[in-house]
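What TrEMBL annotates here:
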REPEAT    79-113  repeat 'PPR'
REPEAT    114-148  repeat 'PPR'
REPEAT    149-183  repeat 'PPR'
REPEAT    184-218  repeat 'PPR'
REPEAT    219-253  repeat 'PPR'
Amino acid sequence: MTRKGISKNSSVYSSLICSFASLREVKVAEDLFEEGKSKQMLRDLGLYLKLVLMYVEEGLMEKTLEIVRAMKISKLRISDCIFCAIVNGFSKKRGFLAAVKVYKELISQGCEPGQVTYSSVINAYCHLGLYSKVVMLFSEMEQNGFDWCVVAYYRMIVMYDKTGRPKNAMRLLAKMKERGCEPNVWIYNSLMEMHGTAKNLRQVEKLWKEMKRRKVAPDKVSYTSVISAYSKAKEFETCLRYYNEFRINGGEIDKVMAGIMVGVFSSSQIDELVKLLRDMKSGGTRLDGRLYRSSMNALRDSGLQVEAKWLQDFAVVDDLFYNMIILPQFLGIW
C-alpha cells in the first residue's frame, strides 16, 4: 500500500477491506486483511463484521471461524446479533445441519449465545426433527435467563404439536404468561390448530376468547384455524359466524379458506356457495381440482344446472387442471 502512495492508516485499511468485502472480492479483501493484521492496524469492529458476512455469503465456514478467532484475539465481543447472523446465514446458505455445526464450533470458541441465537438454533433442531435437542437447548436458554423470547416459545409449541403433546404446549403457554411474556398471534394460531385437529372445540373457543381478551388481533390463519376446527366437528352454523366476521373485517379468500367454506356451504347453504364462487372469481382466487369437483357436485346435486354451467365456463382454475379436466369436458372428450 505504501509503495502506491497510500498511507498506513487503520481507517484506510478498514474502508478498503469493507468496500472489497461488500463487493465479494474475497481475495483482495483477504490480502488487505492479512497485511493490516501483520501491522497491527485492524481495530475496527465494522471491518470484521464485513468479513464475517462476506464469508457467510460465500458459505465458507472455516474462514468465518478464522475471523471470529481473530476477533477474540483482538478482544472484540461476539454479540448475540453477530452470533445469530452467522447461524442464520449458514442455515440459509447450506441448510440446518450447517447452522447447528457452526453453532457448536462457535460455542467451542467461547462465544456465548443470547435469546436470538437460541431461538434460531431451536428452529434448526425442530426442522431436523431432533426434538430431544430442542428440549435440552430450551432448558439451557431458560437457565441462562433468556426466557422472554416469543419466537422460541412458538417453536417449542410447534414441536409439541408435531409430537402430539398438547398438554405440554398448554403448560408452556401458562409458563409464558407467568413470566410476563405475552403470547402473540402465532402462538394462539398454533394452539388453536392443534386443538382443532383433535376436535377439542372447548379449548379452541377458550383460546379464541383469551386472544381477544388480550387484544391480540386475529389474522387470516387464526380464522382459518377456528373455522376448520368447527368444520371438522360439522358445526356449520358456528363456521358461518366466524366466516362472516372474517369477511366483515376485510378478510380475503384464499384456497385454504375457500376449501373449508365450500365444504360448509355444500352441506346446506348453496346460495352462499354460489356467492363464494363469484367472490373468488372476482378476486382472482384460482380453483384447484378438489375445489372444482366439490363445488360442481354440490351445484348439480341441488339442481342448479345454470350455475354449474357458469362454473364450468368461467371459473378461474389452475392451468394444469383446466387442460386435464375442464377442457376435455368442454370438447366432449369425457
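Every residue, even glycine, has its Cβ placed from backbone N, Cα and C.
Where the annotation comes from TrEMBL, it is an automatic prediction and has not been curated.
When the repeat 'PPR' (114-148) is classified with DSSP, helix, strand and coil residues number 27 helix, 0 strand, 8 coil. Across the range of the repeat 'PPR' (149-183), the DSSP-based residue counts are 26 helix, 0 strand, 9 coil. Outside the repeat 'PPR' (79-113), and at least 6 residues removed from its termini, the chain residues within Cβ reach (under 8 Å) are 49, 52-53, 56-57, 59, 61, 64-65, 68-69, 72, 120-121, 124-125, 127-128. When the repeat 'PPR' (79-113) is classified with DSSP, helix, strand and coil residues number 28 helix, 0 strand, 7 coil.
Computed over the repeat 'PPR' (149-183), the whole-number mean pLDDT of the model equals 94. Counting residue by residue with DSSP, the repeat 'PPR' (184-218) contains 26 helix, 0 strand, 9 coil.
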